[in-house]
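Beneath this line is the structure, given in structure tokens, with notes to follow.
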Amino acid sequence: MGPRRQKRKPETPRRRPASPAPAAPRPTPSLGTSSRPLARRRHTVLKEIRTLQKTTHLLLRKSPFCRLAREICVQFTRGVDFNWQAQALLALQEAAEAFLVHLFEDAYLLSLHAGRVTLFPKDVQLARRIRGIQEGLG
């Protein structure tokens, strides 16, 4: 005799859901903006650039810049810590920001000349090299 086989139970039909739940409606973009996140991000970046170009306030925060200026001063004076006037630090920060803005403008023009939109370190290096020793700080 062979192995015994069990009787099969009749299967009860399983309940299936009628249909999948409808997806939640996506919010429609207002004022005709593109629904793609990349295009939206690009527009917000361009808007931020335009607003920052119109402003005249300082973009670097004062306390980190003051700490950096004092740290560099201590390095060049062999440990002697000088007292800085607030106006002197403000003038130094204005000059540093003007230098950086001008450098990045030139570097971005070089990247556009190369047919790119992305700014690479080699663009900044070339801008400093073209400026020379006086304007490029060596």
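Note that Cβ sites are derived from N, Cα and C of the backbone, with glycine treated the same way.
Marked as compositional bias 'Pro residues' by Swiss-Prot: 19-28.
Among the features that Swiss-Prot reports, N,N,N-trimethylglycine is placed at G2, with the record citing similarity to another entry.
Annotation comment: Swiss-Prot describes S19 as phosphoserine, evidence class similarity to another entry.
The feature region 'Disordered' is assigned by Swiss-Prot to 1-40.
Feature annotation from Swiss-Prot assigns region 'Important for flexibility of DNA ends that protrude from nucleosomes' to 37-52; the stated evidence is similarity to another entry.
As annotated by Swiss-Prot, region 'H3-like' applies to 39-138. Averaged across the region 'H3-like' (39-138), the predicted model reaches a pLDDT of 89.
What Swiss-Prot records for 73-114 is region 'CATD'. Beyond the region 'CATD' (73-114), the same-chain residues lying 6 or more positions past its ends with a Cβ under 8 Å from any Cβ of the stretch are 58-60, 62, 65-66, 120, 123-124, 126-128, 130-131, 137.
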